[in-house]
Amino acid sequence: MAKERHSVGVIGAPFSKGQPRRGVEEGPKYLREAGLIEKLREFGNDVRDCGDLDFPDVPNDTPFNNVKNPRTVGKATEILANAVTAVKKADKTCQSIGGDHSLAVGTIAGHAAVHPNLCVVWVDAHADINTPSTSPCGNLHGQPLSFLMKELKAKMPAVPGFEWVKPCLRSKDIVYIGLRDVDPGEHYILKTLGIKYLSMIEVDYLKDDKVMEETLEYLVGKHKRPIHLSFDIDGLDPSIAPATGTPCPGGRTYREGRILHEQLHKTGLLSGVDTIWMESTSRGETKRDVEVTVKTALDMTLSCFGKAREGFHAST
C-alpha cells in the first residue's frame, strides 16, 4: 500500500503529577529510544521533533478540596496546550507523548484553539470524566474531560491553576472505546449527558470493523471534521501492555488496537494523537514488561501515520 506523506509535530510531555506515583513521565524517552522519530520518517513523513516540554512544580500547591496538585497540573496543561496550538498553527498533525492522562486537558484544549470543531475518540479502560466533587481520590488524571465538557461547566468549581481552560467539547463530540472500569459518578455523567461509548461489552459483541464504523458514522458521518485520538495504553489488555499505571484485565487485543488506529489513519482526518501512560521499571515493572508495552505503544502510534500490517511504501 502506498502511504501519503504526513507533516507531523511530536511533543514530549514527561509529566506525572496528575497521580501520586512516578514512572509515567518516562514515556517520551522510551518511545524516542524505540525509534519513533526515525520510523515516522521512514514512512516518508515530514517530522518535526519539538523535544520535551519543561513542567515546573508550583510552590505551595496545596490541595483544593480533595483535588491534588491542582496548580502544578493546571500549569503543565497550559504549557502543553500552547505547544499543541503552535504545532497546529503550523498545519501539522500533533503527536503528544505522555505522561499521565491529565495532560489531555492541554492537548485537546490546544488543538481546539485552532480547530474548534474537532471531535475526540477516547480509547481507555477509564472514562476520566470525574468532576472534583465526584472523584473518589482527587487525582486529576481521572478528571480531564470534566474540564473540557461544556455541559459540565456549571458543575465545575474554580480549581486553582485551571483558570485558563475554556470548555471546548459537547457530548456529541466524543466517543469512548474500550471502557471497563468506570466510577459511579462517571457513569451517571455519561448517561445524563448522553455521551456515546462502546464499552468492552459492546466491543465484545460487535465485529472489529463495526466498532469503528459506528464511531466514525457518529462523529464524522455527516460533517467531516478533525479527529483527536486520545489513546491510553491501558485501553489495551495488560497481556500486551503490562507496564501502565492502572492496568485493567479484559481489554482490547493487539489486533483490535491496530485495526482501530489503521482505520483512523485511513479517514485522512486524524489531526491530533495522544499516546499516554507507559510506566518505567521504577514502578516495579520488569524490564520485559516495559519493553513489551513500549513496542505495543510504538506500533499503535505508527499505525496512525501509515504503518500497515499488509506492508507499505512511501508515495513518490
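Sequential numbering from 1, following the chain as shown.
Cβ atoms are placed via backbone N, Cα and C, with glycine included.
Matching H101, H111, H261, H265 to the Mn(2+) 1 binding residues that Swiss-Prot gives (D124, D128, D232) identifies H101.
Cross-referencing T62, T246, T253 against the substrate binding annotation in Swiss-Prot, which names H126, A127, D128, I129, N130, C137, G138, N139, D183, picks out T246. Compared over the binding-site residues D183, D234, the count of CB atoms lying within 10 A of a residue's CB peaks at D234. Taken residue by residue with DSSP, D232 (Mn(2+) 1 binding site) is part of a strand. A separation of roughly 8 Å, to the nearest angstrom, links the Cα atoms of H126 (Mn(2+) 2 binding site) and D183 (substrate binding site). Closest to D124 (Mn(2+) 1 binding site) in space, going by CA atoms and restricting to the binding-site residues N130, G138, D183, D234, is D234. Contacts of D128 (Mn(2+) 1 binding site) defined by a Cβ separation under 8 A and a same-chain sequence distance of 6+ are given as H101, A104, W122, H141, G142, Q143, P144, L145, E186, D232, in order along the sequence.
Here the C-alpha separation of G138 (substrate binding site) and D234 (Mn(2+) 2 binding site) works out to 20 Å.
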